[in-house]
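K.L.:
Once you've had a glance at the structure underneath, I'll fire off some questions.
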């Protein structure tokens, strides 16, 4: 389907460019003097799978070079399919991604086929349950010099996670994307900017927030991080602020983010200055000298507040404090911040040429709703901050004073002043505002809520380091204001209630804001924090998803005047749902591995002349210590971890990967155990119904139903075609299944195979219960439905295994058939989404499955058709003698071990579709062994049970 869609898009791109060419030629005929530029390329914007199809078209051999140089995707999977269960789909993703990787590889960057192509991937975040952020990441596919991955929760002017469909119609998203795409056009030429670094700089300045740079959240030593990988510096000749439609400060901010290592410039006096067109009426201010490290602004009073950096910012002999300012006033319009090397006598900024303005370094915060009034006519709650400014000691070095100038209300032009004015500045020591939450501490919150306290005059920026990613253990934060240093002597009530104190505190302290940073995921902001579940859409225990750290960081912006009681608890329901969502593909691959390991146990029991155990007994035996657990559980995990260590992708830590992989393996075992119990319950219920029917209406030789069935069966058997097909029941069944798989859907063939497995399991159970309790059912010869001889109606389903010859017992046949039933039932469940999509397309067109899907599924079905009995005799590997008598050679059990290990590794690689390759190889091997044994049938059986 992906190849067909990409070919269709390729034809449409050619038609679009031809239409522009024809239209321009037509306009030239009517107005020859008018000169227009012919569009040479197209910008592709794709949602979901449309984004990946757009990337597939770019590397299509039929596309003209340079026809597509900019691709913008919205919640599109890039690294792997959302449901990686079809081999053809996974192979298509691999081929396209490999073509993109090769497209950027060249000795010279300008000679690479994709050297001018820029790709931007916008992910939906934690609320997108269809395409997770890791699937939308371009890391490892597109180099950081040409690609950008950003989540909607960290995008400027959006600040929220979105569902998979709402990302299309969200007004904030539409406006932001539309304005950005318009800025990609050069006004002088009417075409896109030819430099990919210029286009990427425009995307960075419009999409990515500067909050991570402001609070130093980005890793500095990790070269693999797309956030720290240096871009090439944008030349001033290639782009200017006037051409792009941005002001100089925005472009300079983008250039700082994409500058090279040697391109960093020291802060200039005009780099972060406000535009000259913004001015206030009157330049004279009333000066206020702040003597405390905390400064408050509660109104637009037109005053300038002076803070002595040396006096307030020194925290020790050789230690200086950081400065942070949060406000709801607009930078430049409502507030300005300057750094002074010295205080002039006149107090005028023009008196000193070394004054540096840093107002434009203020970064936008998502502001919450307008606070309500506590009482009619009374003061309202404190406003939510909309901007934050942080200056490091190195940025404050060389300056003596810092001034915060607030515009007067009457002079504010072009904007309505906020109803509640708020600004709080603080010189603080970041080392005093750090807290670490260990994994043990978080797990203890499952049983009892844990608490953190922020006392009065605490640092305004409180950093909480979480030892585990918030994608693995989402937490619930409950922030409550306890007090704010209000003295009760001056209140109207002599003995005020706690509610009265709380109202005053809400009017004095601004609502807390939480900035959540997770290296693989990015930024998430929670304004007006009260009670909130903190969760990020990350998957750190997988390859290529970590950028130097698996720890999440929470920055809490809280008013230093107030005392906060913060309750912390792990959200168990959210943790479980996120675990299944993030690791679903891994669990699917491990489920197939668990079934194959159980079949390995049954095959090994036959090889050593023991009774074939049940499916549940095999699963339990694989958890026994030390050898089984190390061989089929811990061993494959460690081997996979060691092999991938030699790859190019960055790997997670062994502890996190081992813990998550074991948790997925345990969940897969639990799911299959539940499925096995459900199958047993259904078969037992069917057996009980059959027993009740036989006991209520015992079969008689003169029963009219028997006579009717016999006459119909005789008439059917007299047909020549049926008579010939009856001699080859398995061949007939295989041909029918092949037709369904090749011309319909693989699930249809598996459905027929499941019916056959269910039929055999049922009659095996009937025979087993009859052997154990012969009084419950009448004799075999009294029941025409029991497969007692070659003339029974069950011969169409090959009743040979129910004769129990050559030492096979009733229980062995039932347990073996149950294992095959569960294996193919799991495969059928995996293909259900593909079957639903195929059924939806039937109304439009009839499509045949891909050749890779049909052949791999057909080879896997051979496993169920030819592995009817467990009596396969083959010797492949010598089993070493550890103790006791020599062990028999391993045959079919060794094949199951290899197939199970491969499926195990496919699950760990988040590519469960590769399990079809192992199942197909097993099916072909067993079919070959059966054909070999049928040709040598005259030599007799070489192996049988002796119990």
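Every residue gets a Cβ built from N, Cα and C, even glycine.
Values in this document were obtained by computation on a predicted structure and should not be read as measured data.
Copied straight from TrEMBL:
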type     : residues : note
DOMAIN   : 12-183   : domain 'GPI inositol-deacylase PGAP1-like alpha/beta'
REGION   : 364-387  : region 'Disordered'
TRANSMEM : 579-600  : transmembrane segment
TRANSMEM : 621-643  : transmembrane segment
TRANSMEM : 655-678  : transmembrane segment
TRANSMEM : 733-759  : transmembrane segment
TRANSMEM : 819-839  : transmembrane segment
TRANSMEM : 890-909  : transmembrane segment
TRANSMEM : 915-932  : transmembrane segment
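Map these features onto the structure and tell me what's around them.
P.N.:
Outside the transmembrane segment (579-600), and at least 6 residues removed from its termini, the chain residues within Cβ reach (under 8 Å) are 80, 83-85, 129, 132, 134, 471-472, 538-539, 615, 618-619, 622, 632, 636, 660-661, 663-665, 667-669, 671-672, 819-820, 822-823, 826-827, 830, 893, 896-897, 899-901, 903-904, 906-912, 914-915, 918-919, 922.
Outside the transmembrane segment (621-643), and at least 6 residues removed from its termini, the chain residues within Cβ reach (under 8 Å) are 593-594, 597-598, 600-601, 613, 651, 654, 657-658, 661-662, 665, 669, 897, 900-901, 904-905, 908-909.
Here the transmembrane segment (655-678) has long-range neighbours at 468, 472, 540-542, 550, 579-580, 583, 586-587, 590-591, 593-595, 615-616, 619, 623, 633-634, 637-638, 641, 818, 822, 825-826, 907-908, meaning same-chain residues at least 6 beyond its ends whose C-beta is under 8 angstroms from one of its own.
For the transmembrane segment (890-909), the list of distant contacts is 543, 585-594, 596-597, 599-601, 603-604, 606-607, 632, 636-637, 639-640, 661, 664, 872-879, 915, 917-919, 921-922, 925-926: same-chain residues at least six beyond its ends, Cβ to Cβ under 8 Å.
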K.L.:
Using Cβ atoms and a strict cutoff of less than 8 Å, what residues sit near the transmembrane segment (819-839) while being 6 or more residues removed from its termini?
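P.N.:
Same-chain contacts beyond the flanks: 83, 85-86, 588, 591-592, 595-596, 598-599, 602, 615, 618, 672, 675-676, 679, 745-748, 750-751, 753-754, 757-758, 761, 847, 849, 857, 860-861, 863-864, 867, 912, 919.
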K.L.:
Mind looking up the mean pLDDT for the domain 'GPI inositol-deacylase PGAP1-like alpha/beta' (12-183) in the predicted model?
P.N.:
84
